[in-house]
Amino acid sequence: VEPNATIREIRLMFHKLYPRWYPARQSIKLDPKGKSLRDEEILQHLPVGTTATLYFKDLGPQIGWTTVFLIEYTGPLFIYFLFYFRMTFVYGLDERFTSSPHPVVNLACICHSFHYIKRLIETVFVHRFSRGTMPLRNIVKNCLYYWGFAAWLAYYINHPLYTPPSYGKKQINFAVIMFLLCEAGNFSIHVALSDLQRIGSKTCKIPYPTKNPFTWLFFFVSCPNYTYEVGTWISFTIMTQCVPVGLFTLLCFIQMTIWAKDKHCTYLREFKDYPSHRMPIIPFLL
């Protein structure tokens, strides 16, 4: 290959020789234990001499991220309704197709549905993915996580024996306001990140606050979308005062902290002028 060849061009050449392994399925490395090279990297700019040995790894069958998100988020939306409408096989014949006497149950259904409908809209119209695919085998694990937790939460929130929050309307109203603010913030960050990356561009850039006040959290954290996401589930926990929701929120926080730290480290590694006062997910703390 020519010295000015990109890794993407090498992937295409490899695919031409071995049609089974399409570019998205390939991992090209300089070292068997190293990281995969990015498509835009140029061969002559890599730490190699006049000859280079590249290592190939089969990533397995791939699936597009848009399809992944649509599957992951559609499941919880419809699973929740099975419990909300108290289908026969959920709580028994005596409770079939009955409604809860507590308004907070209806409100929780509206908020839960709104959250996942918003995610579906963002997947189709907002998100731009730097990586086009993920391993097909991961879809089962991801769906078990999202779908399973949706069923667990819905079972207890819509249970005939469910009791409303201790502080009544004050607690619920506070939680709803907090929920809507966090959802608006999360959406604003996703739009800002999408605008930062033009269609067809995979170049990583430093995100900065815009005129939208919800984006001002960029002053303090690298991944405010995760901060708002955790805030959404904290507010949902306060609204429903349900232990399974709290456990789900805790797991969300742990997972998103891991993602935020990884993204934060990527920013620090790629940009020497990256704002030093930013934290990954929680201002001034974490």
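Positions of Cβ are set from backbone N, Cα and C atoms, glycine also.
Feature list (source: TrEMBL):
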- 1-58: domain 'TECR-like N-terminal' (DOMAIN)
- 63-85: transmembrane segment (TRANSMEM)
- 133-286: domain '3-oxo-5-alpha-steroid 4-dehydrogenase C-terminal' (DOMAIN)
- 144-162: transmembrane segment (TRANSMEM)
- 174-193: transmembrane segment (TRANSMEM)
- 213-228: transmembrane segment (TRANSMEM)
- 234-254: transmembrane segment (TRANSMEM)
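Residues 182-186, 188-190, 192-193, 207, 256-257, 259-260, 263-264, 267, 277-284 of the same chain lie 6+ residues outside the transmembrane segment (213-228) yet bring a C-beta within less than 8 angstroms of a C-beta in it. Where the transmembrane segment (144-162) meets the stretches 63-85, 174-193, 234-254, the count of C-beta pairs under 8 angstroms peaks at 63-85.
For the domain 'TECR-like N-terminal' (1-58), DSSP puts the residue distribution at 17 helix, 10 strand, 31 coil. Confidence in the domain '3-oxo-5-alpha-steroid 4-dehydrogenase C-terminal' (133-286), given as mean pLDDT, stands at 93.
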